[in-house]
Amino acid sequence: MRVARGSSPLLIRKASVSQQCPYALARPHLALPGLTWPYLAFPALAPPLPARAGPVSGPVVLGLWRLRLCRSGEGAIIPPLKIHASPFAMAVTIKTEHDIAKMREACRLASEVLDHITPFIKPGVSTGELDRLCHAYMTDVQGTVPAPLNYQPPGYPPYPKATCISVNDVICHGIPGDKVLKNGDALNIDITVIKDGYFGDTSRMFIAGEGSILAKRLVQVTFECMWLGIDQVRPGAQLGDIGHAIQRHAEAAGYSIVREYCGHGIGTVFHEDPQVVHYGRPGTGLVLEPGMIFTIEPMVNAGRRDIRTMPDQWTVKTRDRSLSAQWEHTVLVTETGVDVLTVSALTPARPALADA
């Protein structure tokens, strides 16, 4: 599931109730009103101040580290947590080895839901039935929780289904229902599961029956775009490198990139920083470091990039009613490059073009 640009909280995400504890703040930069949980504040080149509760009226920080001796409400020591924040107001969690192991499991399970649903995708089946089958597999077989169900960001109604299924001109967040697939329909199924408190997020494109040449080409180019973006991920690379690779390939094929939605960091929170836009200039944006986990999920339109949101407040379509396609993987920045976490038995292989 993708996130609307600008919807992530600015700079610092508050810990859950069981993880509230003092943090060490460093390198003040800008004003950040309204924060209210305990801090250890370290103004630049000044001695540390005592921990205190109350609004922080002064700095936004460029670095944030959780102290080693923090304890949860149950008394257990919470592992140290390092967060990097940029001048662009993004706070990126560096995952621990424990986090990474849990994310591998959650991401594999999300991908296995797509494996499970693949043989059911054919003309004559409704999107609501596909959602029901996915939901049952998550809860009854995997023991996972469908993250989209009743998900409600500020300003939105609760999302009513376990999956997002976006058909033809639907860009994202299509709500499964009575729509029956016809021969040639192109659809994206977006799966996010929660396992042991960790989120796994992935999506694939499918064609019901025999698709048109236009639909097949759009689906393939979008798949290549995702992988060309993934190929840019390594320590020292920047987010702009990912977006540029995706945008260049899509536009060279005569397509357009949706700019209102983007990839996102993910872990024990569904949507967190960084925001991973699918366009941009190389050599710009956040510098990638080992331990970062985020999604790459380009949305590519056959026509213009303009969007329109339906009255249900979730479904987003192309304004010119052209076809749209989207693929999504969750990736880990490793010490030497990138590891794709959302992989299972039927995951489509990396395209040859991405090797070029």
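Even glycines carry a Cβ here, placed using N, Cα and C.
Matching H173, H264 to the divalent metal cation 2 binding residues that TrEMBL gives (D201, E297, E328) identifies H264.
Divalent metal cation 1 is bound by D201, E328 in TrEMBL, and the record lists one more residue there from D190, D320, D339, which is D190. Within 10 Å of the Cβ of H264 (divalent metal cation 2 binding site) there are 26 other Cβ atoms, across all protein chains. Cβ neighbour count for D201 (divalent metal cation 1 binding site): 29 (other Cβ atoms within 10 Å of its Cβ, all protein chains included). Around H173 (substrate binding site), taking its Cβ as the centre, 24 other Cβ atoms fall within 10 Å, counting all chains. Here the domain 'Peptidase M24' (102-335) returns a mean pLDDT of 98 for the predicted model.
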